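Taking it in order: structure first as structure tokens, then the write-up.
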Amino acid sequence: MTKRAREEGKQGPLEGIWQRAEGVIEPFGDTDREVLPGSAREFIWFFATQAKWPFIILLIAGGLMGVVDAALYWGLGWLIDVLDRTEPSRLLAEHGLMLAGLLLLVLVVRAAIMIFNTVMEEQVIAPSFYQRVRWQAFRRVIDQPYEFYQNDFAGRIQTKVMQGGEATGDFIVSTLQTMWSFLTFLVLAGTILTVLDPLMGVVLAVWFALYLLTARYLLPPLREAGRRTADQRSLLNGRMVDAFTNIMAVKLFDSGRREHEYVREGMASFLGAVRRLTRAITRVRSAVAILNGFMMAGVGALAVTSWMNGNATTGEIAAAMGLVFRLNQMSGYVMFNINGLIRNFATVQDATTVVSREPAIRDKPDATVMQRVEGHIRFDDVSFSYGKKGDPEQPGVIENLTLDIKPGERVALVGPSGAGKTTIINLLLRLFDVEDGRILLDGEDIRDVTQASLRAQFGVVSQEPMLMHRSIRDNIAYGRAGASEDEIIAAAKKASAHEFIMGVTDQRGRSGYDAHVGERGVKLSGGQRQRLAIARMMLKNAPILILDEATSALDSEIEAVIQEKLESLMEGKTVIAIAHRLSTIAALDRIIVLEKGQIVEEGSHSALVEADGLYAHLWKRQSGGFLPIRMAAE
């Protein structure tokens, strides 16, 4: 017997039951719907229908619990009457079967329903269904365009994805399990009380009407307060994550003092929202307490009067009072759950503002998959202003730009800050869509192909290396899915990174290619991070290379080695390089000089220096190959 088989044997027979229950709902299932529903009601219903049978079963089980609870109070009244009028010696002989049934109801039926409800909630629904909502939300959010992430906190987005899944599941489960059970019990209790005394039924009906009226007027403010609380919670989480993510800047500039105020302001706003919410909760609970007091007093008075008039037995009075006391208990619990329902509903609504947003950039329904291109790039009368088109006080970042780059040509974009260099790259990668004109790649409008196949044509090394908090191997392999270990190591060697990689060890003892680099690669030096980014690009081997200060973080000795490697990598590929250290791009085929979103000069390095224009001015201003600070990167 294998070790795994022995371990499974030790787990016992229940393990198979747990696994079957936990496998009822597929946690990573999805639908063809591109945009999730935008309203909380539609969002909840959309996901509830994806697991309809577990929820239908939970609904039935909740109703059965209400029936059993009502039957127990009726049985209690019957038992009191039986004990009152039966000789002890004849009790079992005359009523043994009913007593056994009552005992079975308590020990077996009610317990079985409660256990079944627990398994349905904890094993079948809670883990898998919550994860299913989060998975589908994550997939939609990750497909949002670059601008989406520029306009929000990463921590706030993450909070909405995580809390939205849990709130959706909690809302459905609470509605089906608690609310439905309560309504079932209420109907049966009302029926029993009406049979005993119609006036008791009238009192209960008036109480329930006032209960609904209370909910009608007091719950909307509670719902709004819940929505504001959820939004302030997300904002606070975003502020704290922002501070933790940029901890180096916090430490260097003020040791956290300004962050104290920044986060404290967020906490104060959150606290204010919570206090408004708790005031609304107190108003609801106070109203319910008053209503319950009148209900118990009214039914109690009628029950005693009925007994005094000889119209009801002691057992019937006990059953009536038991039912109203149980309703009193349940109504408070239900109102508490209504508060939870409202909070969850508000959290879902808050989450939909992010996870259900329609992407600003989407593939066309008939978008084609672009095959490997030769690398002919053309900007055809392109204009772009970051959504400020038509504002006379906000001129476009790019104005009527026409640019043609031949396959295999190596081109540099040069210009002062704000000239539009990075914007051109962002438009080419379709991180933003052009507002006028079009961009062609091998003669095909980039809006007519899928975004994934378009970006597969580019290898990018930016000023800020884009590293994940994962192993060095995973970061390099991000360039091409399915790359072998030999290919990963070969790419690292080409980028002169293999030697330092073999010397890296993280805090958990993982070393070499298994070592994790920390968030955004903070455990590595700037030069090491850049070399990993270059290795990833080498592994991808895309037909078009974009170098945005690709060697800016390297020392002179390493830069010379990398430049030599890049020269061989550029062979046969279209290259676009952004550089402020002009010595690094002087040997490229063509230099395009930009100013205020337009091309003002272009040509070779020597021709532009001889022309004595803007490029010559920038070249002369450099000292040691660097631009002045005011002409730094966009």
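Easy rule for this one: first residue shown is 1, then count along the chain.
Cβ from N, Cα, C; glycine included.
Beyond the transmembrane segment (55-76), the same-chain residues lying 6 or more positions past its ends with a Cβ under 8 Å from any Cβ of the stretch are 48, 102, 105-106, 109-110, 113-114, 116-117, 120-121, 125, 172-173, 176-178, 180-186, 188-189, 192, 315, 318-319, 322-323, 326. The transmembrane segment annotation in TrEMBL covers 55-76 (among others).
Positions annotated as domain 'ABC transmembrane type-1' by TrEMBL: 56-343.
Sequence-distant contacts of the transmembrane segment (96-116) (same chain, at least 6 residues past either end, Cβ-Cβ under 8 Å): 61, 64-65, 68-69, 71-72, 75, 78-79, 82. Summarising the annotation, TrEMBL assigns transmembrane segment to 96-116 (among others).
As annotated by TrEMBL, transmembrane segment applies to 171-193 (among others).
Here TrEMBL flags 199-219 (among others) as transmembrane segment.
Per TrEMBL, the feature transmembrane segment maps to 286-308 (among others).
The annotation domain 'ABC transporter' is assigned in TrEMBL to 377-621.
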Residues from the same chain, set at least six apart from the ends of the transmembrane segment (171-193), whose C-beta lies under 8 A from its own: 44, 47-48, 55, 58-59, 61-63, 65-67, 69-71, 73-74, 117, 121, 125-126, 200-201, 204-205, 208, 299, 319-320, 323-324, 326-327, 330-331, 333-334, 337, 340-341, 344-345, 348
Positions whose Cβ lies under 8 angstroms from the transmembrane segment (199-219), at least six residues beyond its ends: 186, 189-191, 193, 280, 283-284, 287-288, 291-292, 294-295, 298-299, 302-303, 320, 324, 327, 331, 338, 342
